[in-house]
Amino acid sequence: MSLASLSTAARIPPYLFNTDHRQRVLAQLRSKATGLEKYIYLNGLKERDPNLFYEVLLGNMLEIVPILYTPTVGDACSNYSHIWRRPEGLYVTIESKGHIREVLRTWPAQQASRIAVVTDGSRILGLGDLGANGLPISIGKLDLYVAGAGVKPTTTVPICLDLGTNTQRFLEDPLYLGVRRRRPDTAEMDEFMHEFMEAMTEVFPQLLVQFEDFSTDNAFRYLEVFRNQYRVFNDDIQGTGSVVLSGFFNAARLSAAAAGTPVTDQRILFFGAGSAGIGVAKQLLSFFTLQGLSVEEAKARIWTVDSKGLITADRKGLQEHKKFFARTDYDGPALTKLEDVIAHVKPTALLGLSTVRNAFTENVVRQMSSLNTRPIIFPLSNPVSLCEVDYEDAIKWTNGSVIFASGSPYKPLEYEGKHYEPGQGNNMYIFPGIGLGSILAKARHVTDSMVEQASIALSGSLTEEEKAAQLVYPRLVRIRDISCQIALAVIRAAQKDNVDENKLFRNLSDQALLEYIKAKQWQPTTLSSQLPRL
Ligand SMILES: NC(=O)C1=CN([C@@H]2O[C@H](COP(=O)(O)OP(=O)(O)OC[C@H]3O[C@@H](n4cnc5c(N)ncnc54)[C@H](O)[C@@H]3O)[C@@H](O)[C@H]2O)C=CC1
Ligand SMILES: CC(=O)C(=O)O
Ligand SMILES: [Mg+2]
């Protein structure tokens, strides 16, 4: 008898009904030797059984998020042309300039699509220009929209703009997936981007666009050009700013309580002044202004450092985005060593967005420790291989006093008989909620106040137990609930700014709206309900 002639019931072996597929998936996943193999396995599972994939993801966030997202998604991107299995996501190449609309129309469910993550692959995490290999970052972020906010998978659109790459090893790699050319000049790229955004709005009328991992100049430029025209936000600038502000509220409270000083006495030093560093610095202005300081007073409490040292206004050829925080109160010799900058600034907080692995050396960390009862040290560069300092070292060198959050995850640890739990200062805590709120409110734009209110909602979402454990971010397993609270704050801010096209929520109480948002979250159906009845 051929297999095809067997009845469906007969083809399904009996064990399917008395074991839990989720356990089988986890056992298979855990048998893989490397992160990359785990990524490939999960990618295959998503194709075979998306429902089961999301069930396993939702039930095992702490184990699986670091595979689909930072750090392992960094390996997946770096190797994407080699591990590629099947088309997933949408490539829009520079060669389609002039007919981008037709390319977008090949995507199914155009009317139903709600959220696109769009990268041009030019600065993937801290890994540089990965060209067309950047697609997994869009896919990973959208997996977090599904897992973290309950956005329906079929309404998500991962996009990689394949504009070429300036990374020679990809241009020479016979397996490289992308177009084999160097990146366009600014004029050609601008033309492409304008056509792309116009076409996106036409083809996907309900869609919110999240710009992801564009190189710094383009990240700032396209945010400014498009933010008042389209439904768009930049995750690296606004999402990161919002998430770090949130953790900083909680960290400053802990550090001020330990030192017995006012919270506004914070002096913040940024190591790294790219889209993320400056995006966060700008957002941290509100840490001070929300407590009554002026913007000038807030700015005076922030210092920025790039690869040339402390950024001062008298430096020749300073890039536009660095000018705002350039110091005018220092005219000594250039301070190029981090230790010298710290000695000059005497910061309470040191934030790393530099992509420089181990830049926060033992000397640097001990220096911070000698200046502060509880130093705030946030090494935020991704993936882990580019993190400014490992958690264990930060704990050891501060004798446990550090208030720590990193961009990529670290595990809790024991040190001299005490338990320590790190924070993860990653925009993954905030963009799902910003996106969900914007989608539900049908916000025409993502305003500054929506981003700020998202941050305040996240910082206020700590439970009593999390506060007692001195965490600065809530536990990841609660992300769906947290995203609802963030979405509520985002919707209210959209209403205040009058950018909400959906006015229906205006008459709902916070409680009713929160319940509505929760009820709207997509849930994977259980596997057994999918199997044919016998
Ligand atoms: N935790 C989070 O949620 C996020 C983290 N990031 C991470 O932030 C990092 C930076 O991203 P972008 O700002 O977009 O990149 P970027 O390349 O524009 O910025 C890097 C900055 O670091 C500075 N830098 C480089 N080498 C240095 C050195 N030796 N000493 C001092 N400064 C140095 C550069 O001058 C530049 O200002 C990446 O690793 C990225 O993964 C980005 C977004 C979100
Ligand atoms: C987290 C993130 O968006 C980044 O590292 O670029
Ligand atoms: Mg990013």
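Including glycine, each Cβ sits where the backbone N, Cα and C put it.
For Tyr69, the entry in TrEMBL reads active site, proton donor. In the shown protein chains, 26 other C-beta atoms lie within 10 A of the C-beta of Tyr69 (active site, proton donor).
Per TrEMBL, the feature active site, proton acceptor maps to Lys141. A 10 Å cutoff on Cβ-Cβ distances gives Lys141 (active site, proton acceptor) a total of 28 other Cβ atoms nearby, all chains included.
What TrEMBL lists as (S)-malate binding site is Arg123, Asn382, Asn426. According to its DSSP assignment, Arg123 ((S)-malate binding site) is coil.
Look at Asp236 (divalent metal cation binding site): DSSP puts it in a helix. Under a cutoff of 8 A between CB atoms, and with a sequence separation of 6+ in the same chain, the neighbours of Asp236 (divalent metal cation binding site) are Phe211, Glu212, Asp213, Phe214, Ala219, Ser275, Ala276, Gly279, Asn427. Residues or ranges marked as divalent metal cation binding site in TrEMBL: Glu212, Asp213, Asp236.
Among the features that TrEMBL reports, domain 'Malic enzyme N-terminal' is placed at 46-227.
The domain 'Malic enzyme NAD-binding' feature in TrEMBL is assigned to 237-495.
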* Under 8 Å by Cβ from Asn426 ((S)-malate binding site), counting only residues of that chain that are 6 or more apart -> Thr70, Val243, Leu380, Asn382, Gly407, Ser408
* To do: With the Cβ under 6 Å from ligand 2 as the test, give me the qualifying entries from the recorded positions Lys141, Asp236, Asn382, Asn426.
  => Asp236, Asn382, Asn426
* To do: Could you check what DSSP calls Tyr69 (active site, proton donor) once collapsed to helix, strand or coil?
  => coil
* Report the recorded positions (Tyr69, Lys141, Glu212, Asp213, Asn382, Asn426) that meet this criterion: Cβ distance to the nearest atom of ligand 1 under 6 Å. Use sequence order and write none if nothing qualifies. => Asn382, Asn426
* To do: Have a look around Arg123 ((S)-malate binding site) and count the other CB atoms within 10 A of its CB, chains all included.
  => 24
